[in-house]
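Quick notes on the structure that follows.
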Amino acid sequence: MKRAIIIVLDSVGMGELPDAAKYGDEGSNTLGNIAKNLPDFSLPNLESLGLGNIDGMTGYEPSKNPLGSYGRMAEKSAGKDTTTGHWEIAGLILDKPFPVYPNGFPEDIIKRFEDSIGTKTLGNVPASGTEIIKLLGDEHVKTGYPIVYTSADSVFQIAAHENVIPVERLYDMCRTARNILTGEHAVGRVIARPFIGESGNYKRTDRRKDFSLAPVGKTLLDYAVENGYKVKAVGKIEDIFGGRGITESVHIHDNMDGVDRTLEYMRDDFEGILFTNLVDFDMLYGHRNDIAGYANALKEFDRRIPEILANLREDDLLVITADHGCDPSTESTDHSREYVPLLVYGKKFKSNVNLGTRSTFADVAKTVAHYLGISSNLEGESFLGSIL
């Protein structure tokens with residue numbers, strides 16, 4: 001019973017890509033700079049799999065006998081956002097980035113949105129999510145108008161206090177925006193950003209929801225379902241793929257809930273793919289430049305590795321990777337264009353294999369398809385022959 005378990009540590013990059021300067025990301029190194037800022041920092045279980053052995057990795061102890069195979073992957077797609085990264089992991093490479101709005105959205109888009117939802121909006125600026133609710137939260141509570149904002153990524157975000165606009169109504173507003181944002185304005189994601197609290201102490205909740213574009217081509221998940229496999233999704237995977245190519249999914253409250261749900265699915269009898277996204281690294285710490293918080297979240301995940309390994313079956317293939325960077329040590333609060341780590345482990349797979357620098361995240365999709373015996377036109381190159 002063959003299964004591939006892919007765990008994406010959202011934003012856990014490991015050093016600037018050669019084209020990082022084009023994205024304003026020179027010097028970004030999410031994992032390396034966290035270790036540099038915290039001299040005694042270590043991730044012993046990830047290091048035992050080969051984290052410190054990866055070409056170009058700094059700040060982590062190389063293992064003399066890594067349990068797994070290890071490498072790093074470059075992003076071939078144009079962009080550095082969640083959707084682009086996950087689609088590429090699933091074998092779909094984008095040759096042009098999603099549109100971004102450094103000056104806010106065009107007036108005609110905002111007017112169409114306001115007309116459709118029957119109310120005015122606030123904001124329409126690029127901003128940090130925590131800062132925008134500090135700035136406009138009181139006015140929102142007073143007027144009832146939702147807050148629209150964006151970032152350096154291709155996102156249309158709508159923030160609303162849960163007592164002012166009920167969460168289900170906020171989700172409906174997001175669906176409306178998603179239907180409007182097509183063609184040249186087809187942003188990667190529309191995101192619901194509910195918050196609670198009182199003036200001066202507003203706090204975002206875990207009821208965030210992403211409304212992604214449907215993938216523009218077939219992904220590993222589509223091929224897997226077509227071939228009769230189960231595809232189980234944990235976290236925001238279902239949202240990222242617009243629900244396509246997924247047979248069962250569960251949303252999560254935080255990283256540790258995500259690991260719990262992953263373990264539950266691992267204990268199920270099924271053949272196919274388990275795809276998990278753990279978003280706290282990015283959402284709670286990377287974007288907020290919280291080095292200590294990010295480091296603690298990494299340690300929390302690292303402590304769960306023995307549990308994950310203990311629940312692997314004989315034919316399971318485990319892949320741990322990331323979708324982009326979000327270096328909390330830099331001035332930027334946005335994603336960074338970085339290499340991502342690649343750790344691969346399974347009871348019947350070789351240990352201590354250096355997979356080198358892969359030219360695309362899509363090598364994961366090609367390898368998983370190869371392992372499951374799926375014929376596909378996916379991008380990427382399989383490394384199965386190196387590890388089996």
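Any Cβ shown, glycine's included, is placed from N, Cα and C.
Among the candidates H251, H253, H335, the one that Swiss-Prot lists alongside D282, H287 as binding Mn(2+) 2 is H335. Cβ contacts within 10 Å of H287 (Mn(2+) 2 binding site), excluding its own Cβ and spanning all protein chains shown: 20. If you measure from the Cα atom of H324 (Mn(2+) 1 binding site) to that of H335 (Mn(2+) 2 binding site), you get 7 Å. Counting every protein chain shown, the Cβ of D10 (Mn(2+) 1 binding site) has 24 other Cβ atoms within 10 Å. Here the Cα atom of D10 (Mn(2+) 1 binding site) is found 10 Å from that of H335 (Mn(2+) 2 binding site). Residue environment of H324 (Mn(2+) 1 binding site) contains 32 other Cβ atoms, counted within 10 Å of its Cβ in all protein chains.
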